[in-house]
């Protein structure tokens, strides 16, 4: 399926880097909605609150936890309270119930939502709501930094596990210190202290010294693919399936856009599926077996089965599953909310996303044929969803609750 390379060039070059909540991200939203309207696709802008300085949220929690170590020399009880508070707040962030980042939300941006109605038309009664698939791609871009360098990326999961273990170990050691006069627990706490300081330095370096990247692959390629999907489905819509085209803001700020969208819209999980398009512009197209840097969230079995069927039908595409072991995409947020979801991305022969969060992520390093292949895969999966009425996740039901979804 043809993809317009001008979409990638416009987003990555003419608009340029699109930090979460920035005017450039909003310009990208404006460009996308203009493109959808040119195609005749019903579309709308949806406001989103974006956390300012998302990396600073985790850096703050790591610093607070680290400060409990010297504080323990003065008051072991106070040190334990502080390290426990930091651990609880960090756990809330990781598990999708953010407290600090929500308090820090000070910028307004926009998701873009487009709608492709099924060929048979939208039913009048709520009891006959169609099955839906929501296809997502994100508008914003990240910053470069030491965290994006290949030697660290290859060990990013190890770093995440070590940091999480340090956050857990500190209150454990401090509780032991309260129960024994020995100084061994305090000396042992110096190890997690060093790890947390290192993690804080990496986050602050990205936030304060990192350069906003053009994001041609991550994720102008996904946006271009989704626009191509919109055009294809506008010309030839599914018979039974309603397709929502969601371009999210703030994905690089903890998935702010998809979180807001899911708070504002309540879907029937038995009739709604999500497919995420993220970094589909270089390498070979993969579908996610699961994803998560720290906590692995497995893709939905029904969508994995469909992706496997597509791979078998088109062996020439080289499509296969891979676990996505980088920070969470929109897919993880969707899975946390109880919906079926899977992701499409592209990886090189070593399994890495080329130029991930680097200044080298420019249009000339995007292979438009790879983007087109992602479109082919997504369209094939949509057709399978449209015709597979017997899948358990899309069995007939009452549809969404009245008033809980807002079509454009």
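Don't overthink the numbers, they just go from 1 along the chain as shown.
Placement of Cβ uses the backbone N, Cα and C atoms for every residue, glycine included.
TrEMBL: automatically predicted annotations, no manual curation.
As annotated in TrEMBL, transmembrane segment covers the listed stretch 53-71 rather than the other ranges in 34-52, 53-71, 110-128. Range 158-178 is the one annotated as transmembrane segment, of 137-157, 158-178, 221-241 (source: TrEMBL).
Feature annotation (TrEMBL): of 5-22, 77-94, the stretch labelled transmembrane segment is 77-94.
Nonlocal intrachain contacts for the transmembrane segment (158-178), taken as residues 6+ away from its ends with a CB within less than 8 angstroms of a stretch CB, comprise 61-62, 65, 68-69, 72, 76-77, 79-80, 83-84, 86-87, 90, 94, 152, 185-186, 188-189, 191-193, 195-196, 199, 202, 293-294.
Nonlocal intrachain contacts for the transmembrane segment (53-71), taken as residues 6+ away from its ends with a CB within less than 8 angstroms of a stretch CB, comprise 20, 78-80, 82-83, 85-87, 89-90, 93, 98, 100-101, 104, 163, 166-167, 170, 174, 186, 189-190, 192-193, 196-197, 199-200, 203-204, 206-207, 252-254. Mean model confidence for the domain 'Peptidase M28' (214-381) is a pLDDT of 95.
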